[in-house]
Amino acid sequence: MRGHVLLTVFTLCMLCSGAKAQLNPNIYAKSCPYLVPIVRRQVMNALKADTRMAASLIRLHFHDCFVNGCDASVLLDGDDSEKLAIPNLNSARGFDVIDTIKAAVEYACPGVVSCADILTLAARDSVVLSGGPQWRVALGRKDGLVANQSSANNLPSPFEPLDAITAKFVAVGLNAADVVALSGAHTFGQAKCDVFSNRLFNFDGAGSPDATLETTLLSDLRTVCPAGGSGNQTAPLDRNSTYAFDNNYFKNLLEGKGLLSSDQILFSSDLAVNTTKRLVEAYSRSQYLFFRDFTRSMIKMGGITNLVNGSSGEVRKNCRVINN
């Protein structure tokens with residue numbers, strides 16, 4: 001596809017070398033040789049049924065990796081389920097899609113591939129099938145045995161300032177450049193009024209909207225999310241190309257058209273001047289550069305794990321529950 005970046009195996013291994021244990025894109029070459037096309041086919045079917053699912057699957061992967069590492073803990077049901085955490089409750093989607101993919105993979109090679117690896121592959125395929133870059137996914141994760149609802153309640157928030165968000169990225173081995181590149185995933189998908197309506201009416205506590213929000217977009221969003229209205233209505237994160245993975249997200253930020261406060265602060269906040277603003281500008285000019293850095297950041301994030309082959313963990317038969 002035009003503008004795609006295919007990372008070499010050498011680059012992949014170099015980027016994964018900082019992980020606590022080595023992952024390998026070829027680990028299932030013999031034990032499950034058709035894994036990649038099986039996952040790709042199921043993600044393609046899911047996107048045909050619901051185009052929004054692409055953004056939902058990559059968000060699910062992000063929310064998994066930031067809690068306990070990329071161990072599929074976000075998929076577990078139960079009283080301490082991360083699904084019940086505030087950032088996920090009534091907003092995290094795609095669990096049924098992962099169930100479907102898992103069933104197809106189990107049919108082909110039972111007991112071999114972890115749910116964590118399946119989720120990582122599904123996130124990659126969601127990007128590729130939406131017009132974004134291709135990269136080889138390092139594999140070999142194990143599924144965690146416990147969820148962590150309290151940590152899930154501390155995921156990076158759209159209401160936080162840039163320094164707080166960056167600190168949460170640094171805590172899991174990422175950095176400010178990864179904040180910008182990974183935020184570019186907001187080039188597709190939707191967000192509920194609940195997570196941005198605070199910008200529309202009384203952002204400063206004196207009855208004024210967020211001054212960094214472009215006036216035409218402000219007016220449109222007030223129609224979608226009127227004062228006192230339902231917080232469950234949604235608006236596109238990138239109205240220029242709602243379902244396409246491209247660099248329009250960054251072009252929007254230059255025009256004050258970032259939907260979430262956590263988006264717009266990458267360009268408009270005082271802290272951004274010496275940290276993230278220049279990278280936003282660079283990505284707005286070069287989709288190639290954005291795609292290159294996005295793949296690197298996705299690989300780094302996919303390496304956040306304590307569970308690998310030979311370590312504690314398991315390959316779940318059902319992604320929603322640990323094995324008996």
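Don't overthink the numbers, they just go from 1 along the chain as shown.
Glycine too: its Cβ is placed from the backbone N, Cα and C atoms.
Under the heading signal peptide, TrEMBL lists 1-21.
When Cβ atoms from all protein chains are considered, those within 10 Å of C32 (disulfide bond) total 19, not counting its own. Annotated disulfide bond per TrEMBL: C32-C109 (among others), in sequence order.
Just so you know, the Cβ of R59 (site 'Transition state stabilizer') picks up 21 other Cβ atoms within 10 Å once every protein chain is counted. The feature site 'Transition state stabilizer' is assigned by TrEMBL to R59.
TrEMBL lists H63 with the feature active site, proton acceptor. For H63 (active site, proton acceptor), the same-chain residues that are 6 or more apart in sequence and have a Cβ closer than 8 Å to its Cβ are V74, E82, P87, N88, A92, A152, L155.
According to TrEMBL, the Ca(2+) 1 binding site annotation covers D64, V67, G69, D71, S73, E82.
Marked as disulfide bond by TrEMBL: C65-C70 (among others). Taking Cβ-Cβ distances under 8 Å and a sequence separation of 6 or more, the neighbours of C70 (disulfide bond) in its chain are H61, D64, A116, L119, T120, R141, M301, G302, G303, I304, T305.
For C115 (disulfide bond), applying a Cβ distance below 8 Å and a minimum sequence separation of six or more within one chain yields A72, L75, I98, K102, D143, V315, R316, C319. Look at TrEMBL and you will find C115-C319 (among others) tagged as disulfide bond.
The Cβ of P156 (substrate binding site) lies under 8 Å from the Cβ of F66, I165, K168, F169, S262, each on the same chain and at least six residues away in sequence. Per TrEMBL, substrate binding site is recorded for P156.
The heme b binding site annotation in TrEMBL covers H186. Contacts of H186 (heme b binding site) defined by a Cβ separation under 8 A and a same-chain sequence distance of 6+ are given as L237, D238, Y249, L259, L260, D263, in order along the sequence.
What TrEMBL lists as Ca(2+) 2 binding site is T187, D238, D246.
According to TrEMBL, the disulfide bond annotation covers C193-C225 (among others). With a 10 A radius on its CB, C193 (disulfide bond) counts 19 other CB atoms from all the protein chains.
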Next on the checklist: Let me check the 10 A CB neighbour count of C65 (disulfide bond). How many other CB atoms are there?
Outcome noted: 27
Item to check | Nearest of the recorded positions (C32, R59, V67, D71, C109) to C225 (disulfide bond) - Cα to Cα | outcome: R59
Item to check | Rounded Cα-Cα span from T187 (Ca(2+) 2 binding site) to S73 (Ca(2+) 1 binding site), Å | outcome: 26
Item to check | Tertiary neighbours of V67 (Ca(2+) 1 binding site) (same chain, Cβ under 8 Å, six or more apart) | outcome: S73, V74, E82, N148, S151, A152, L155
Checklist entry - If one looks at the chain holding C109 (disulfide bond), which residues at least 6 apart in sequence have a CB under 8 angstroms from its CB? => result Y28, S31, C32, L35
Checklist entry - Among the binding-site residues listed here (G69, T187, D246), which has the Cα closest to the Cα of R59 (site 'Transition state stabilizer')? => result T187
